[in-house]
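Per Swiss-Prot, these features apply:
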- GLU377: active site, proton donor (ACT_SITE)
- THR503: Ca(2+) binding site (BINDING)
- CYS334-CYS363: disulfide bond (DISULFID)
- ASN97: N-linked glycosylation site (CARBOHYD)
- ASN117: N-linked glycosylation site (CARBOHYD)
- ASN150: N-linked glycosylation site (CARBOHYD)
- ASN184: N-linked glycosylation site (CARBOHYD)
- ASN251: N-linked glycosylation site (CARBOHYD)
- ASN322: N-linked glycosylation site (CARBOHYD)
- ASN348: N-linked glycosylation site (CARBOHYD)
- ASN368: N-linked glycosylation site (CARBOHYD)
- 1-21: signal peptide (SIGNAL)
Amino acid sequence: MHLPSLSLSLTALAIASPSAAYPHFGSSQPVLHSSSDTTQSRADAIKAAFSHAWDGYLQYAFPHDELHPVSNGYGDSRNGWGASAVDALSTAVIMRNATIVNQILDHVGKIDYSKTNTTVSLFETTIRYLGGMLSGYDLLKGPVSDLVQNSSKIDVLLTQSKNLADVLKFAFDTPSGVPYNNLNITSGGNDGAKTNGLAVTGTLALEWTRLSDLTGDTTYADLSQKAESYLLNPQPKSAEPFPGLVGSNINISNGQFTDAQVSWNGGDDSYYEYLIKMYVYDPKRFGLYKDRWVAAAQSTMQHLASHPSSRPDLTFLASYNNGTLGLSSQHLTCFDGGSFLLGGTVLNRTDFINFGLDLVSGCHDTYNSTLTGIGPESFSWDTSDIPSSQQSLYEKAGFYITSGAYILRPEVIESFYYAWRVTGQETYRDWIWSAFSAVNDYCRTSSGFSGLTDVNAANGGSRYDNQESFLFAEVMKYSYMAFAEDAAWQVQPGSGNQFVFNTEAHPVRVSST
(Lines of atoms letter the chains of each structure in order from A and count residues from 1; the text may use other names and numbers.)
(Lines give C-alpha, C1' and ligand atoms only; values in the text may rest on other atoms or scores of the structure.)
Protein backbone atom coordinates (compact mmCIF):
# COMPACT_ATOMS: atom_id res chain seq x y z
CA MET A 1 0.00 0.00 0.00
CA HIS A 2 1.06 3.54 -0.66
CA LEU A 3 -0.70 6.78 0.05
CA PRO A 4 -2.99 7.78 -2.83
CA SER A 5 -1.30 11.02 -3.83
CA LEU A 6 0.59 10.68 -7.10
CA SER A 7 3.22 13.11 -5.76
CA LEU A 8 4.16 14.01 -9.30
CA SER A 9 4.79 17.59 -10.35
CA LEU A 10 4.44 18.92 -13.86
CA THR A 11 8.20 19.26 -14.00
CA ALA A 12 8.48 15.51 -13.63
CA LEU A 13 6.30 14.99 -16.68
CA ALA A 14 8.13 14.39 -19.93
CA ILE A 15 5.88 15.12 -22.88
CA ALA A 16 7.02 12.62 -25.43
CA SER A 17 5.40 10.28 -27.87
CA PRO A 18 6.28 6.79 -26.68
CA SER A 19 6.13 5.43 -30.19
CA ALA A 20 8.71 7.96 -31.28
CA ALA A 21 10.92 8.21 -28.21
CA TYR A 22 10.74 4.62 -27.01
CA PRO A 23 9.97 2.12 -29.77
CA HIS A 24 8.43 -0.95 -28.20
CA PHE A 25 10.73 -3.94 -28.18
CA GLY A 26 13.72 -2.92 -30.17
CA SER A 27 16.41 -5.43 -30.98
CA SER A 28 17.67 -5.45 -27.39
CA GLN A 29 14.29 -6.20 -25.83
CA PRO A 30 12.70 -9.61 -25.35
CA VAL A 31 9.53 -10.32 -27.28
CA LEU A 32 6.89 -11.14 -24.69
CA HIS A 33 3.86 -12.15 -26.73
CA SER A 34 4.89 -15.37 -28.42
CA SER A 35 2.23 -18.06 -28.03
CA SER A 36 5.02 -20.63 -27.67
CA ASP A 37 6.43 -19.02 -24.53
CA THR A 38 7.01 -21.50 -21.76
CA THR A 39 6.77 -20.84 -18.05
CA GLN A 40 10.56 -20.70 -17.87
CA SER A 41 10.91 -18.25 -20.74
CA ARG A 42 8.37 -15.97 -19.11
CA ALA A 43 10.26 -16.09 -15.83
CA ASP A 44 13.47 -15.31 -17.71
CA ALA A 45 11.86 -12.37 -19.49
CA ILE A 46 10.71 -10.90 -16.18
CA LYS A 47 14.19 -11.35 -14.72
CA ALA A 48 15.59 -9.57 -17.77
CA ALA A 49 13.18 -6.67 -17.24
CA PHE A 50 14.24 -6.43 -13.60
CA SER A 51 17.90 -6.36 -14.65
CA HIS A 52 17.15 -3.70 -17.26
CA ALA A 53 15.62 -1.46 -14.61
CA TRP A 54 18.44 -2.16 -12.17
CA ASP A 55 21.16 -1.44 -14.73
CA GLY A 56 19.60 1.91 -15.58
CA TYR A 57 19.20 2.81 -11.92
CA LEU A 58 22.78 1.78 -11.19
CA GLN A 59 24.15 3.79 -14.11
CA TYR A 60 22.17 7.00 -13.70
CA ALA A 61 20.72 7.18 -10.17
CA PHE A 62 22.47 4.98 -7.60
CA PRO A 63 22.86 5.55 -4.64
CA HIS A 64 19.93 7.97 -4.79
CA ASP A 65 16.35 6.85 -4.20
CA GLU A 66 14.95 6.51 -7.69
CA LEU A 67 15.76 6.82 -11.36
CA HIS A 68 14.14 9.41 -13.61
CA PRO A 69 13.83 7.05 -16.57
CA VAL A 70 13.04 9.63 -19.24
CA SER A 71 15.75 12.20 -18.51
CA ASN A 72 18.18 9.70 -16.94
CA GLY A 73 18.34 11.81 -13.81
CA TYR A 74 17.59 10.85 -10.23
CA GLY A 75 15.33 11.73 -7.32
CA ASP A 76 15.50 11.45 -3.54
CA SER A 77 11.85 11.27 -2.51
CA ARG A 78 12.62 8.75 0.25
CA ASN A 79 15.33 10.65 2.15
CA GLY A 80 18.27 9.83 -0.10
CA TRP A 81 19.12 6.47 1.48
CA GLY A 82 18.83 4.49 -1.75
CA ALA A 83 15.21 3.35 -1.64
CA SER A 84 15.32 1.55 -4.99
CA ALA A 85 18.33 -0.47 -3.88
CA VAL A 86 16.82 -1.56 -0.57
CA ASP A 87 13.42 -2.20 -2.16
CA ALA A 88 15.07 -4.32 -4.87
CA LEU A 89 16.94 -6.58 -2.45
CA SER A 90 14.37 -9.26 -1.72
CA THR A 91 13.43 -9.54 -5.39
CA ALA A 92 17.07 -9.91 -6.40
CA VAL A 93 17.48 -12.61 -3.74
CA ILE A 94 14.43 -14.52 -4.96
CA MET A 95 15.73 -14.23 -8.54
CA ARG A 96 19.11 -15.48 -7.27
CA ASN A 97 21.01 -12.59 -8.82
CA ALA A 98 24.10 -12.66 -6.62
CA THR A 99 25.75 -9.73 -8.38
CA ILE A 100 22.88 -7.35 -7.66
CA VAL A 101 22.40 -8.73 -4.15
CA ASN A 102 26.02 -8.06 -3.25
CA GLN A 103 25.85 -4.56 -4.73
CA ILE A 104 22.86 -3.82 -2.52
CA LEU A 105 24.40 -5.36 0.59
CA ASP A 106 27.52 -3.24 0.12
CA HIS A 107 25.30 -0.17 -0.08
CA VAL A 108 23.20 -1.03 2.97
CA GLY A 109 26.31 -1.18 5.11
CA LYS A 110 27.11 2.42 4.19
CA ILE A 111 23.71 4.00 4.93
CA ASP A 112 23.55 6.47 7.80
CA TYR A 113 19.89 6.45 8.73
CA SER A 114 20.42 9.23 11.24
CA LYS A 115 21.08 11.77 8.50
CA THR A 116 18.70 13.28 5.97
CA ASN A 117 17.69 16.77 4.95
CA THR A 118 14.06 15.90 4.30
CA THR A 119 10.99 14.84 6.25
CA VAL A 120 10.87 11.13 7.06
CA SER A 121 7.63 9.16 6.70
CA LEU A 122 7.40 6.54 9.44
CA PHE A 123 5.06 4.51 7.24
CA GLU A 124 7.02 4.60 3.98
CA THR A 125 10.34 4.10 5.74
CA THR A 126 8.97 1.09 7.60
CA ILE A 127 7.53 -0.70 4.59
CA ARG A 128 10.37 0.02 2.14
CA TYR A 129 13.59 0.23 4.14
CA LEU A 130 12.85 -1.73 7.32
CA GLY A 131 10.76 -4.32 5.50
CA GLY A 132 13.32 -4.64 2.72
CA MET A 133 16.23 -5.23 5.07
CA LEU A 134 14.39 -7.66 7.35
CA SER A 135 13.19 -9.64 4.35
CA GLY A 136 16.67 -9.83 2.88
CA TYR A 137 17.93 -11.04 6.24
CA ASP A 138 15.26 -13.73 6.58
CA LEU A 139 15.81 -15.00 3.04
CA LEU A 140 19.61 -14.98 3.15
CA LYS A 141 19.73 -16.56 6.60
CA GLY A 142 17.14 -19.12 5.54
CA PRO A 143 16.16 -20.66 2.21
CA VAL A 144 18.68 -18.69 0.10
CA SER A 145 21.62 -18.98 2.49
CA ASP A 146 23.92 -20.23 -0.27
CA LEU A 147 23.72 -17.05 -2.36
CA VAL A 148 26.07 -14.79 -0.38
CA GLN A 149 29.36 -16.17 0.90
CA ASN A 150 30.21 -13.37 3.34
CA SER A 151 27.83 -13.83 6.28
CA SER A 152 28.86 -10.52 7.84
CA LYS A 153 27.21 -8.74 4.91
CA ILE A 154 23.96 -10.45 5.83
CA ASP A 155 24.32 -9.62 9.51
CA VAL A 156 24.54 -5.93 8.59
CA LEU A 157 20.91 -6.11 7.43
CA LEU A 158 19.71 -6.80 10.97
CA THR A 159 22.12 -4.31 12.51
CA GLN A 160 20.92 -1.60 10.15
CA SER A 161 17.29 -2.56 10.76
CA LYS A 162 17.82 -1.94 14.46
CA ASN A 163 19.69 1.29 13.75
CA LEU A 164 16.82 2.54 11.62
CA ALA A 165 14.13 1.60 14.13
CA ASP A 166 16.10 3.34 16.87
CA VAL A 167 16.14 6.50 14.76
CA LEU A 168 12.39 6.28 14.14
CA LYS A 169 11.00 5.13 17.47
CA PHE A 170 10.63 8.63 18.94
CA ALA A 171 7.60 8.90 16.63
CA PHE A 172 5.65 6.83 19.17
CA ASP A 173 6.48 9.20 22.04
CA THR A 174 2.98 10.68 22.22
CA PRO A 175 0.38 10.76 25.01
CA SER A 176 -1.47 7.82 23.46
CA GLY A 177 1.30 5.93 21.73
CA VAL A 178 -0.31 6.58 18.34
CA PRO A 179 2.72 7.80 16.37
CA TYR A 180 3.34 10.86 14.31
CA ASN A 181 4.06 9.93 10.70
CA ASN A 182 6.01 12.91 9.35
CA LEU A 183 9.25 13.21 11.27
CA ASN A 184 12.29 15.47 11.52
CA ILE A 185 14.88 12.99 12.69
CA THR A 186 17.54 15.68 13.11
CA SER A 187 15.57 17.69 15.67
CA GLY A 188 13.40 14.87 16.97
CA GLY A 189 10.38 16.86 15.85
CA ASN A 190 7.28 16.22 13.79
CA ASP A 191 4.82 18.09 11.61
CA GLY A 192 2.44 18.84 14.48
CA ALA A 193 -0.38 16.78 13.02
CA LYS A 194 -3.40 16.23 15.26
CA THR A 195 -4.34 12.91 13.68
CA ASN A 196 -2.75 9.94 11.98
CA GLY A 197 -4.31 7.75 9.33
CA LEU A 198 -5.71 4.25 9.71
CA ALA A 199 -3.29 2.58 7.31
CA VAL A 200 -0.30 4.63 8.42
CA THR A 201 -0.91 3.61 12.04
CA GLY A 202 -1.98 0.07 11.23
CA THR A 203 0.82 -0.94 8.85
CA LEU A 204 3.72 -1.09 11.28
CA ALA A 205 3.18 -4.14 13.46
CA LEU A 206 4.56 -6.77 11.08
CA GLU A 207 7.93 -5.14 10.51
CA TRP A 208 8.43 -3.86 14.06
CA THR A 209 7.34 -7.17 15.60
CA ARG A 210 9.65 -9.10 13.30
CA LEU A 211 12.53 -6.87 14.37
CA SER A 212 11.79 -7.62 18.02
CA ASP A 213 11.58 -11.33 17.37
CA LEU A 214 14.94 -11.32 15.58
CA THR A 215 16.77 -9.13 18.10
CA GLY A 216 15.11 -10.24 21.33
CA ASP A 217 14.34 -6.61 22.16
CA THR A 218 10.58 -6.32 22.67
CA THR A 219 10.61 -2.51 22.47
CA TYR A 220 9.78 -2.39 18.77
CA ALA A 221 6.89 -4.84 18.92
CA ASP A 222 5.49 -3.13 22.00
CA LEU A 223 5.48 0.29 20.34
CA SER A 224 3.76 -0.83 17.15
CA GLN A 225 1.24 -3.04 18.94
CA LYS A 226 0.35 -0.29 21.42
CA ALA A 227 -0.52 1.95 18.47
CA GLU A 228 -2.50 -0.87 16.89
CA SER A 229 -4.46 -1.48 20.09
CA TYR A 230 -6.55 1.64 19.47
CA LEU A 231 -7.51 0.32 16.04
CA LEU A 232 -8.48 -3.10 17.36
CA ASN A 233 -10.78 -1.56 19.99
CA PRO A 234 -12.04 1.60 18.29
CA GLN A 235 -13.44 4.43 20.37
CA PRO A 236 -15.95 5.95 20.25
CA LYS A 237 -18.12 3.03 19.20
CA SER A 238 -19.65 5.20 16.48
CA ALA A 239 -16.30 4.96 14.67
CA GLU A 240 -17.20 1.36 13.78
CA PRO A 241 -20.39 1.66 11.70
CA PHE A 242 -20.22 -2.03 10.74
CA PRO A 243 -18.44 -4.80 12.68
CA GLY A 244 -14.73 -4.63 11.91
CA LEU A 245 -14.96 -1.63 9.59
CA VAL A 246 -13.58 1.50 11.22
CA GLY A 247 -12.94 5.16 10.50
CA SER A 248 -10.00 6.69 8.69
CA ASN A 249 -8.30 9.02 11.20
CA ILE A 250 -7.12 8.66 14.79
CA ASN A 251 -6.43 11.42 17.31
CA ILE A 252 -2.75 11.25 18.24
CA SER A 253 -3.37 12.63 21.73
CA ASN A 254 -5.94 10.12 22.95
CA GLY A 255 -6.16 7.35 20.34
CA GLN A 256 -9.82 8.02 19.56
CA PHE A 257 -11.15 7.98 16.02
CA THR A 258 -12.19 11.34 14.63
CA ASP A 259 -14.51 10.01 11.91
CA ALA A 260 -16.40 6.95 10.74
CA GLN A 261 -15.51 7.01 7.05
CA VAL A 262 -14.98 3.44 5.89
CA SER A 263 -13.12 2.15 2.85
CA TRP A 264 -10.49 -0.23 1.53
CA ASN A 265 -8.98 2.62 -0.49
CA GLY A 266 -5.59 4.25 -0.09
CA GLY A 267 -5.17 5.62 3.41
CA ASP A 268 -7.20 2.78 4.93
CA ASP A 269 -6.22 -0.27 2.90
CA SER A 270 -3.22 -1.89 4.51
CA TYR A 271 -4.72 -1.76 8.01
CA TYR A 272 -7.07 -4.51 6.85
CA GLU A 273 -4.25 -6.19 4.91
CA TYR A 274 -2.09 -6.52 8.04
CA LEU A 275 -4.85 -7.88 10.28
CA ILE A 276 -4.87 -11.24 8.54
CA LYS A 277 -1.13 -11.13 7.81
CA MET A 278 -0.30 -10.74 11.50
CA TYR A 279 -2.32 -13.90 12.13
CA VAL A 280 -0.34 -15.69 9.42
CA TYR A 281 2.84 -14.40 11.06
CA ASP A 282 1.89 -15.83 14.46
CA PRO A 283 -1.59 -17.26 15.05
CA LYS A 284 -0.91 -17.72 18.76
CA ARG A 285 -0.16 -14.06 19.45
CA PHE A 286 -2.45 -12.43 16.92
CA GLY A 287 -5.78 -14.22 17.15
CA LEU A 288 -7.55 -10.93 17.88
CA TYR A 289 -6.17 -9.46 14.66
CA LYS A 290 -7.68 -12.39 12.77
CA ASP A 291 -11.03 -11.96 14.50
CA ARG A 292 -11.10 -8.29 13.51
CA TRP A 293 -10.22 -9.17 9.91
CA VAL A 294 -13.00 -11.76 9.75
CA ALA A 295 -15.49 -9.22 11.08
CA ALA A 296 -14.30 -6.64 8.56
CA ALA A 297 -14.40 -9.14 5.70
CA GLN A 298 -17.94 -10.25 6.51
CA SER A 299 -19.13 -6.66 6.84
CA THR A 300 -17.42 -5.77 3.57
CA MET A 301 -19.22 -8.55 1.73
CA GLN A 302 -22.54 -7.48 3.23
CA HIS A 303 -22.30 -3.69 3.07
CA LEU A 304 -19.58 -2.56 0.64
CA ALA A 305 -19.87 -4.99 -2.28
CA SER A 306 -21.17 -3.03 -5.25
CA HIS A 307 -22.16 -3.98 -8.79
CA PRO A 308 -22.20 -1.45 -11.67
CA SER A 309 -25.60 -1.03 -13.27
CA SER A 310 -24.15 -1.67 -16.73
CA ARG A 311 -22.14 -4.70 -15.61
CA PRO A 312 -23.89 -6.36 -12.66
CA ASP A 313 -21.54 -9.32 -13.11
CA LEU A 314 -18.67 -7.21 -11.73
CA THR A 315 -17.89 -6.61 -8.07
CA PHE A 316 -16.12 -3.53 -6.74
CA LEU A 317 -15.84 -2.21 -3.18
CA ALA A 318 -17.67 1.00 -2.35
CA SER A 319 -16.74 3.32 0.49
CA TYR A 320 -19.17 4.35 3.24
CA ASN A 321 -19.72 7.59 5.10
CA ASN A 322 -22.71 8.44 7.27
CA GLY A 323 -25.21 6.32 5.42
CA THR A 324 -23.93 7.08 1.92
CA LEU A 325 -22.01 4.72 -0.34
CA GLY A 326 -19.23 6.17 -2.47
CA LEU A 327 -19.15 4.39 -5.82
CA SER A 328 -15.51 4.89 -6.69
CA SER A 329 -12.29 2.99 -6.21
CA GLN A 330 -8.57 3.01 -6.92
CA HIS A 331 -5.78 0.88 -8.28
CA LEU A 332 -4.51 0.79 -4.69
CA THR A 333 -7.74 -0.88 -3.59
CA CYS A 334 -7.19 -3.81 -5.92
CA PHE A 335 -5.05 -5.54 -3.30
CA ASP A 336 -8.41 -6.44 -1.74
CA GLY A 337 -8.92 -9.62 -3.73
CA GLY A 338 -5.57 -10.92 -2.56
CA SER A 339 -6.44 -10.16 1.06
CA PHE A 340 -9.69 -12.12 0.84
CA LEU A 341 -7.90 -14.99 -0.90
CA LEU A 342 -5.17 -15.16 1.74
CA GLY A 343 -7.69 -15.03 4.56
CA GLY A 344 -9.93 -17.52 2.84
CA THR A 345 -7.24 -20.11 2.25
CA VAL A 346 -5.64 -19.73 5.69
CA LEU A 347 -9.00 -19.95 7.47
CA ASN A 348 -10.52 -22.51 5.07
CA ARG A 349 -13.38 -20.16 4.19
CA THR A 350 -14.60 -20.77 0.66
CA ASP A 351 -16.93 -17.77 0.91
CA PHE A 352 -13.95 -15.47 1.36
CA ILE A 353 -12.08 -17.18 -1.48
CA ASN A 354 -15.00 -16.84 -3.87
CA PHE A 355 -15.56 -13.20 -2.96
CA GLY A 356 -11.85 -12.57 -3.40
CA LEU A 357 -11.98 -14.07 -6.87
CA ASP A 358 -14.92 -11.80 -7.70
CA LEU A 359 -12.85 -8.78 -6.65
CA VAL A 360 -9.90 -10.04 -8.70
CA SER A 361 -12.14 -10.32 -11.76
CA GLY A 362 -13.42 -6.79 -11.24
CA CYS A 363 -9.90 -5.39 -11.10
CA HIS A 364 -8.95 -7.45 -14.15
CA ASP A 365 -11.76 -5.70 -15.98
CA THR A 366 -10.10 -2.33 -15.31
CA TYR A 367 -7.00 -3.62 -17.11
CA ASN A 368 -8.80 -5.52 -19.84
CA SER A 369 -10.95 -2.53 -20.85
CA THR A 370 -8.29 0.11 -21.57
CA LEU A 371 -6.35 0.69 -24.76
CA THR A 372 -3.03 -0.08 -23.06
CA GLY A 373 -4.19 -3.10 -21.08
CA ILE A 374 -3.21 -1.31 -17.85
CA GLY A 375 -5.74 -0.14 -15.27
CA PRO A 376 -6.22 3.47 -14.16
CA GLU A 377 -5.21 5.15 -10.91
CA SER A 378 -8.87 5.70 -9.99
CA PHE A 379 -12.28 4.89 -11.42
CA SER A 380 -15.98 5.15 -10.65
CA TRP A 381 -19.30 3.50 -11.42
CA ASP A 382 -21.49 6.32 -10.08
CA THR A 383 -24.03 6.87 -12.83
CA SER A 384 -24.83 10.40 -11.65
CA ASP A 385 -21.47 11.71 -12.81
CA ILE A 386 -20.45 9.87 -15.99
CA PRO A 387 -18.63 12.16 -18.45
CA SER A 388 -20.30 12.04 -21.84
CA SER A 389 -16.99 11.08 -23.40
CA GLN A 390 -16.89 7.93 -21.26
CA GLN A 391 -20.50 6.79 -21.49
CA SER A 392 -19.61 4.05 -23.93
CA LEU A 393 -16.76 2.86 -21.71
CA TYR A 394 -19.13 2.65 -18.76
CA GLU A 395 -21.71 0.72 -20.77
CA LYS A 396 -19.10 -1.78 -21.93
CA ALA A 397 -16.75 -2.03 -18.96
CA GLY A 398 -18.86 -1.05 -15.93
CA PHE A 399 -16.64 1.86 -14.89
CA TYR A 400 -15.32 5.18 -16.10
CA ILE A 401 -11.90 6.64 -15.43
CA THR A 402 -11.44 9.48 -12.95
CA SER A 403 -7.64 9.46 -13.13
CA GLY A 404 -5.99 7.71 -16.04
CA ALA A 405 -2.48 7.74 -14.60
CA TYR A 406 -0.38 4.65 -13.97
CA ILE A 407 2.69 5.03 -11.76
CA LEU A 408 3.90 1.41 -11.82
CA ARG A 409 1.52 0.26 -9.11
CA PRO A 410 1.46 -3.48 -8.31
CA GLU A 411 -1.88 -4.21 -6.65
CA VAL A 412 -3.69 -5.82 -9.58
CA ILE A 413 -0.80 -8.13 -10.41
CA GLU A 414 -0.49 -8.83 -6.67
CA SER A 415 -4.06 -10.07 -6.45
CA PHE A 416 -3.65 -12.10 -9.65
CA TYR A 417 -0.67 -13.76 -7.93
CA TYR A 418 -2.75 -14.69 -4.87
CA ALA A 419 -5.47 -16.06 -7.15
CA TRP A 420 -2.93 -18.21 -8.96
CA ARG A 421 -1.36 -19.54 -5.76
CA VAL A 422 -4.67 -20.27 -4.05
CA THR A 423 -6.53 -21.82 -7.00
CA GLY A 424 -3.79 -23.06 -9.30
CA GLN A 425 -5.91 -21.95 -12.24
CA GLU A 426 -3.79 -21.03 -15.26
CA THR A 427 -6.09 -18.14 -16.13
CA TYR A 428 -4.58 -16.00 -13.42
CA ARG A 429 -1.03 -16.56 -14.64
CA ASP A 430 -2.18 -15.55 -18.10
CA TRP A 431 -3.60 -12.36 -16.61
CA ILE A 432 -0.28 -11.67 -14.88
CA TRP A 433 1.57 -12.19 -18.13
CA SER A 434 -0.77 -9.86 -20.00
CA ALA A 435 -0.41 -7.16 -17.34
CA PHE A 436 3.36 -7.48 -17.17
CA SER A 437 3.59 -7.45 -20.95
CA ALA A 438 1.54 -4.26 -21.11
CA VAL A 439 3.82 -2.58 -18.57
CA ASN A 440 6.84 -3.75 -20.54
CA ASP A 441 5.27 -2.48 -23.78
CA TYR A 442 4.16 0.96 -22.68
CA CYS A 443 6.32 1.91 -19.70
CA ARG A 444 9.76 0.70 -20.75
CA THR A 445 12.37 3.32 -21.61
CA SER A 446 16.01 3.04 -22.58
CA SER A 447 17.02 3.00 -18.91
CA GLY A 448 14.05 1.70 -16.95
CA PHE A 449 10.28 2.07 -16.65
CA SER A 450 8.21 5.25 -16.49
CA GLY A 451 4.68 6.01 -15.41
CA LEU A 452 1.90 6.87 -17.86
CA THR A 453 -0.47 9.83 -17.85
CA ASP A 454 -3.37 8.09 -19.61
CA VAL A 455 -3.80 4.34 -19.72
CA ASN A 456 -6.73 4.72 -22.11
CA ALA A 457 -4.77 6.62 -24.73
CA ALA A 458 -3.46 4.52 -27.57
CA ASN A 459 0.15 5.20 -26.59
CA GLY A 460 -0.38 5.58 -22.84
CA GLY A 461 -0.35 9.36 -23.07
CA SER A 462 2.80 11.12 -21.93
CA ARG A 463 5.48 9.86 -19.56
CA TYR A 464 6.00 10.53 -15.87
CA ASP A 465 9.74 10.88 -15.41
CA ASN A 466 9.87 8.75 -12.29
CA GLN A 467 10.49 5.09 -11.53
CA GLU A 468 9.04 4.25 -8.12
CA SER A 469 11.07 1.87 -6.00
CA PHE A 470 8.07 -0.44 -5.72
CA LEU A 471 8.58 -1.40 -9.36
CA PHE A 472 11.51 -3.48 -8.08
CA ALA A 473 9.89 -4.66 -4.87
CA GLU A 474 6.42 -5.52 -6.11
CA VAL A 475 5.65 -5.46 -9.83
CA MET A 476 8.72 -7.47 -10.74
CA LYS A 477 8.50 -9.84 -7.76
CA TYR A 478 4.83 -10.78 -8.04
CA SER A 479 5.16 -11.19 -11.80
CA TYR A 480 8.26 -13.35 -11.49
CA MET A 481 7.00 -15.57 -8.67
CA ALA A 482 4.00 -16.64 -10.73
CA PHE A 483 6.36 -18.32 -13.20
CA ALA A 484 9.09 -19.39 -10.79
CA GLU A 485 9.37 -22.74 -9.06
CA ASP A 486 7.63 -23.34 -5.78
CA ALA A 487 9.70 -22.15 -2.84
CA ALA A 488 9.50 -21.47 0.88
CA TRP A 489 8.55 -17.82 0.34
CA GLN A 490 5.72 -18.51 -2.08
CA VAL A 491 2.15 -18.12 -0.81
CA GLN A 492 0.81 -21.57 0.02
CA PRO A 493 -2.78 -22.79 -0.08
CA GLY A 494 -4.05 -23.53 3.39
CA SER A 495 -2.16 -22.76 6.57
CA GLY A 496 1.34 -23.84 5.56
CA ASN A 497 2.88 -20.45 4.83
CA GLN A 498 6.51 -20.13 5.92
CA PHE A 499 6.71 -16.46 4.91
CA VAL A 500 4.26 -13.57 4.81
CA PHE A 501 4.59 -10.54 2.56
CA ASN A 502 4.58 -7.03 3.93
CA THR A 503 2.64 -4.39 2.01
CA GLU A 504 5.76 -3.66 -0.09
CA ALA A 505 5.94 -7.36 -1.10
CA HIS A 506 8.90 -8.10 1.15
CA PRO A 507 8.54 -11.66 2.51
CA VAL A 508 9.42 -12.13 6.18
CA ARG A 509 9.66 -15.51 7.84
CA VAL A 510 6.68 -16.33 10.01
CA SER A 511 7.30 -16.58 13.72
CA SER A 512 6.81 -20.32 14.10
CA THR A 513 9.43 -21.42 11.54
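Cβ atoms here come from the backbone N, Cα and C positions, even for glycine.
Structure coloured by features recorded in Swiss-Prot.
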residue : record                      : Cβ neighbours (10 Å)
ASN97   : N-linked glycosylation site : 19
ASN117  : N-linked glycosylation site : 8
ASN150  : N-linked glycosylation site : 11
ASN184  : N-linked glycosylation site : 14
ASN322  : N-linked glycosylation site : 8
CYS334  : disulfide bond              : 29
ASN348  : N-linked glycosylation site : 11
ASN368  : N-linked glycosylation site : 14
GLU377  : active site, proton donor   : 22
THR503  : Ca(2+) binding site         : 28
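Recorded residues CYS363 (disulfide bond) and ASN322 (N-linked glycosylation site) have their alpha carbons 26 Å apart, per Cα-Cα distance. Among the recorded positions listed here, namely ASN97, ASN322, ASN348, GLU377, GLU377 has its C-alpha nearest to that of ASN368 (N-linked glycosylation site). Taking the Cβ of ASN251 (N-linked glycosylation site) as centre and 10 Å as the limit, one finds 17 other Cβ atoms among all the protein chains shown. Note on proximity: among ASN117, ASN150, CYS334, the recorded positions of the record, the Cα nearest ASN348 (N-linked glycosylation site) is that of CYS334. Cβ neighbour count for CYS363 (disulfide bond) (all protein chains, 10 Å cutoff from its Cβ): 29. Ranking the recorded positions ASN97, CYS334, THR503 by the distance of their Cα atoms from the Cα of ASN117 (N-linked glycosylation site) places THR503 first. On the backbone, the CA of ASN184 (N-linked glycosylation site) and the CA of GLU377 (active site, proton donor) stand 30 Å apart. Cα distances from the residue listed as 'Ca(2+) binding site' to the recorded positions ASN150, ASN251, CYS334, GLU377 are smallest for CYS334. Taking ASN97, ASN322, CYS334 as the recorded positions under consideration, the smallest Cα distance to ASN150 (N-linked glycosylation site) is found for ASN97. Taking the Cα of ASN97 (N-linked glycosylation site) as the reference point, the closest of the recorded positions ASN251, ASN322, CYS334 is CYS334. For ASN322 (N-linked glycosylation site), the nearest of the recorded positions by C-alpha distance turns out to be ASN251; the candidates were ASN251, CYS334, GLU377. ASN368 (N-linked glycosylation site) falls within a helix when secondary structure is assigned with DSSP. Reduced to three states, the DSSP call for ASN184 (N-linked glycosylation site) is strand. The two recorded residues, ASN251 (N-linked glycosylation site) and GLU377 (active site, proton donor), show a Cα separation of 29 Å. Annotated pair GLU377 (active site, proton donor) and CYS334 (disulfide bond), C-alpha to C-alpha distance, rounded: 10 Å.
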